[in-house]
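First comes the structure, then the notes that go with it.
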Amino acid sequence: MENRKTFSWLKEQMIRSISVSIMIYVITRTSISNAYPIFAQQGYENPREATGRIVCANCHLANKPVDIEVPQAVLPDTVFEAVLRIPYDMQLKQVLANGKKGGLNVGAVLILPEGFELAPPDRISPELKEKIGNLSFQSYRPNKKNILVIGPVPGKKYSEIVFPILSPDPATKKDVHFLKYPIYVGGNRGRGQIYPDGSKSNNTVYNATSTGIVKKILRKEKGGYEISIVDASDGRQVIDIIPPGPELLFSEGESIKLDQPLTSNPNVGGFGQGDAEIVLQDPLRVQGLLFFFASVILAQVFLVLKKKQFEKVQLYEMNF
């Protein structure tokens, strides 16, 4: 009898352990599915393809604008701001992974020239820290400090993201030169439509996989639909699964064609990319330019003085 009780207790503990493990896995998987910069980091060695396209566009299919603002020129070993703006209507709600509606998150990738990197905390001024807020930036790869990623973060609070950047010093980094450099940026608002494995998220349109009649629509207990489509020609039945989130456009008994949308498009977000240019300025050139301007001003002053002196001489000769 005691053996049975012991066995029953062990069985109960095993079931609990398995349940807890499954819950941890689901929670972890959900958080990863929302952390879209991770997809690019895991799947691509470089976030910018040879064509110039940033890989985030592979999952975020809608095209939306972004704006990048950087100084025209910076001096070596100087901290400056790179400001990314991701505009969108703050009243919009997106479909979450569970099918409910919620606010949009934003994320970004900033591709700097070689040698430029995230400014260390001790080099960031209090004013700049206030602009950054509670954002936490990370390098795309340990060996790619010039590529920074951020997100997902709440869009209502961080539709404008300020990156603190440290410019390189050619005196200590021999592979860096005083030149004009390009900066590339990509930013998205909202969840993607496709996962890296090619599967669809619930934030996109679902199309019919067969032509026929919608025979039955079964609403699932946890949300979503199971749609039975019967081919009128041969009676073959196809079942399309719709996850929670998208709204159905068809009712039972209606005809439908292959690839015709079964649902509305719930996506309200999108991805955009842009670029800018920045000059790593040589301080000696700046000093030379200032010296040139000063010499021009002095020359003008001496010219005016000489002219007045000449006029006085002419006036004296006329009076004489």
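In case you wondered, yes, glycine gets a Cβ from its N, Cα and C as well.
Annotated signal peptide per Swiss-Prot: 1-35, in sequence order.
The Cβ of C56 (heme binding site) has 24 neighbouring Cβ atoms from other residues within 10 Å, across all protein chains displayed. Per Swiss-Prot, heme binding site is recorded for Y36, C56, C59, H60.
Under the heading transmembrane segment, Swiss-Prot lists 286-305.
Reduced to three states, the DSSP call for H60 (heme binding site) is coil.
The number of other CB atoms found within 10 A of the CB of H60 (heme binding site), across every protein chain shown, is 26.
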